[in-house]
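One structure is given here, and the rest of the page talks about it.
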């Protein structure tokens, strides 16, 4: 099961589409000095050995934004190859539970409406997430907005 040396490295990424009670989505802008610097993205990160995608998403969001989320249903899985990297993005709807989002590992964060996403420049792989969100807009996502009992 060896890969040829011509293939770029492959990373599996857990990605969160984080909704708040105002039906807004949290996006962040990558730091200018890194790969794809200055572009906006849906937060997430690389899965660690022995971790599930849901655990990865919860950990990454806590590390990058300082908040607690509930990971909901799967939205889309995207395989994308950049010049120097192959990624598999596993994207889930998530609900913001507690904490005030902070740009701990990014340049800036914003809560935006679904219609506003087209105003921001995203990496190519993230464009498919936006398309999937628009397509699923008609889907009942009440589980995202339901208040916890208590």
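Cβ atoms here come from the backbone N, Cα and C positions, even for glycine.
Pulled from TrEMBL:
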- 8-135: domain 'Nudix hydrolase' (DOMAIN)
- 30, 41, 42, 43, 44, 126: 8-oxo-dGTP binding site (BINDING)
- 44, 64: Mg(2+) binding site (BINDING)
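In this structure, the C-alpha atom of residue 43 (8-oxo-dGTP binding site) lies 8 angstrom from that of residue 64 (Mg(2+) binding site). Note: the domain 'Nudix hydrolase' (8-135) comprises 31 helix, 52 strand, 45 coil (DSSP; helix = H, G, I, strand = E, B). Of all Cβ atoms in the shown protein chains, 23 besides its own fall within 10 Å of the Cβ of residue 126 (8-oxo-dGTP binding site). Rounded to a whole value, the Cα-Cα separation of residue 41 (8-oxo-dGTP binding site) and residue 64 (Mg(2+) binding site) is 13 Å.
Highlighted in sequence order, 15, 27, 28, 40, 122, 123 have their Cβ within 8 Å of the centre of the Cβ atoms of 30, 41, 42, 43, 44, 126, the residues recorded for 8-oxo-dGTP, and are not part of that set.
The binding-site residues near residue 64 (Mg(2+) binding site), taking a 10 angstroms Cα-Cα threshold over the set 30, 42, 126, amount to none. Close to residue 30 (8-oxo-dGTP binding site) in the fold, though at least 6 residues off in sequence, lie 36, 37, 38, 39, 40, 41, 106, 107, each with a CB less than 8 Å from its CB.
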